[in-house]
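Please read the structure below before turning to the comments.
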Amino acid sequence: MRGYRGVKYTLFIFCYFFWVVSAILTAVGIYAKIAREKDVVDTLTVDPALLLIVVGSVMFLITFLGCFGALRNTICLLKMVCQCAGFYLVLTLAVCSNQLLFVLQFVGLLVAILLLQIAAAFVGYFFTDTVMERTERLMMKAIERYREDQDLENAIDFIQKKFQCCGVESYKNWSRNAYFECSDTNPSLEACGVPFSCCIRLQNQTVLNTMCGYGMQQLEEKLARQDIFTIGCLDKIVWWAKHNLLLVAGLTAGLLLLEVCMIALAAVQICWIKNVLQRQERKAAQSKSQRKESLWFPPFAEFDD
């Protein structure tokens, strides 16, 4: 019994931890969505706030069901249907007469998520060129929408400052953006320029010059390199990933190990529940047979008493 309680509450602690994390993600996403400027054009494919809300909500539901399934040892009356569009799994949790079915569904969901992560790692390793091409297209679309979405703009500025890069392949990729397009017909003041996040900031510089990237696309790389970062962000991110491979692999392995532990704990709990149900069925069958035998009296029974 002590072992069962240890498995039960360890699984509950894991699920509760991720439940709190998912609640924080959802709250941050909702706050970011509400706090956004009203005149910003929303785009579903690149909205980080909406992505946080969706991921946090799905994770919140899954971990809540995990907590509930880990704690309940009696008949549960629950019917919850969660349907996720696109690449998310369609979850259907029906009314269950005991905890076993509930935990089985939770284990199946964890296994599905784990297999998806392993498949993603396999595709990313063996189809590097395809992944790079799709990532490049995605980043190019982000550059095209740079001024349309405030959250996306802040994210791109953060990446360019963090990795000291500019554009996708080079700083001239910013000509794909309508505001920075280098053409005679572009009336924008930022034409042939790059965002200020591409600029090299001096150590003694206290005031940020937001116009430092103006006209940089017209310069050759040797001249532009003196004022802005000219290396593309895609190459910088790949370089960072290769030099921090142990860190990335460690974090990924840690998450996978945690999920495997949750699956193992839930599977152990299932085995315990099965054993309890089997013992109850055997006891019920034995008591039923004893009641039947009590209806028949042995021959030559004495009824003197």
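Glycine is treated like the rest: Cβ placed from N, Cα and C.
Quick look at what TrEMBL lists:
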- CYS166-CYS182: disulfide bond (DISULFID)
- 12-34: transmembrane segment (TRANSMEM)
- 49-70: transmembrane segment (TRANSMEM)
- 77-95: transmembrane segment (TRANSMEM)
- 101-127: transmembrane segment (TRANSMEM)
- 245-268: transmembrane segment (TRANSMEM)
Candidate with the highest Cβ count within 10 Å, taken from the disulfide-bonded residues CYS166, CYS182: CYS166
Beyond the flanks of the transmembrane segment (12-34) by 6 or more, those residues with Cβ under 8 Å of it: 48-53, 55-57, 59-60, 63-64, 66-67, 70-71, 151, 258, 261-262, 265
Secondary structure at CYS166 (disulfide bond), reduced by DSSP to three states: coil
